[in-house]
Amino acid sequence: MEQLKWTKKWLLALLPLLVMVVPLAVNAIWRSPWPTALSTLIVLFVVLPVVDELTRGGELPPDYPDSPGVLRTLPILVLPLLVLVLIWGAWYSLSLWQHGDYFAALTTVVSMGVINGTFGINAAHELLHKRHHFPKTIAGVLLSLSGYGGFKIEHVFGHHKDVATKNDPSSAPTGVSFYAFVLPALWGNQRKALKLQKKFRSKLQYFGYEYYLWQALTLLWMVCATYLLGLWGLIYFILQGFVAMCMLEMVNYIEHYGLTRKVRNERHYEPVGYQHSWDSNHLLSGYILFQLPRHSDHHMHANKPFYLLEDQTSAPKLPFGYASLVLLALLPPLWFRVMKKALNGNRG
């Protein structure tokens, strides 16, 4: 029995890494384009929502193995695995395209972007809040794989300060659809990162040029992809990166939709509280996303490791898991109906 519990703990802890390699595993077992191309999307947006609804009630702390050193390493391990998966995806999608399987090739590119956005950027989010330079550097490299290196600056010094206000491009007001939100959020966060960089330049030289460092690394990835795979390599890198960035902003959209801080005066808002982020206690989503759905605790204790994040009773609760809400957000009328009820329940 103890051995079974130990195995279960480690399987859940390793879920992010295991789900990342699903398309490679499917391709190794079932050498057919469409099962491989769709496997990630099926796992994340069909299987996960069903399992989430069957395993509700994750208010208790997550049951991770008692190995904090190993757990701290898991987000770092995402980097080499993500590079491997993205290289494989580039080769596989090119092969499909050359054989005339155009839709399967494009679906593979989208799947790679979803993997990058779900696991790469999420691991970077966990690492960029650390105090030491090494995990922060790994975070920057991870973000460079999507072209969103500015997130490393803006998220810490912008989003966490301005969340749930009109000054935060990643906080969506009530009644704004994801389609109306995503492009202004992407553009606004890049502009804000540059603005913050100029502010730091007079104080810390490294931070003053960090934005350009990560963009230069992104450019290097693009040059390498083009050199190895020609025009397809460039198209592949840009498309998967755009999908990854959209996945990040989709998560931001879900995490803070309709939640606002009260204005104290023209320049000041009330302090950030648990009530300014949506929480979700869906068990499997929590493990797959390094407990990101316990988002209110993260905003109040940004340096707390993912395996210690707790449910907060004072935080508003999302009606479904993240995967289900991603699908709902793509259908604005349904999204507005569901979230109106959730917002009314929160205010009540």
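Just so it is clear, glycine is given a Cβ too, placed from its N, Cα and C backbone atoms.
Curation plays no part in TrEMBL annotations; they are all automatic predictions.
Since this is a predicted model, take the numbers as computed values, not measurements.
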Identify the transmembrane segment range according to TrEMBL, selecting from 102-121, 142-161, 282-301.
102-121
Which range is it, out of 171-188, 189-206, 261-278, that shows up in TrEMBL as transmembrane segment?
171-188
For the transmembrane segment (171-188), name the stretch out of 37-55, 102-121, 209-228, 320-338 with the most CB-CB pairs under 8 Å.
320-338
Which bits of the chain, at least 6 residues beyond where the transmembrane segment (102-121) starts or stops, bring a Cβ under 8 A of a Cβ in it?
16, 19-20, 23, 33-34, 36-41, 44, 78-79, 82, 85-86, 89-90, 92-94, 96, 142-143, 145-146, 148, 151, 236, 239-248, 288-289
Take the transmembrane segment (209-228) and find every residue of the same chain, 6 or more past its ends, with a Cβ under 8 Å from one of its Cβ atoms.
90, 140-141, 143-145, 147, 149-150, 152-153, 193-194, 197, 201, 234, 236-238, 241
Chain residues outside the transmembrane segment (76-96) and at least six past its termini with a C-beta under 8 angstroms from it:
16-17, 20-21, 23-24, 27, 33, 36-37, 102, 104-106, 108-109, 111-112, 115-116, 119-120, 123, 127, 135, 138, 141-142, 145, 225, 228-229, 232-233, 236-237, 240
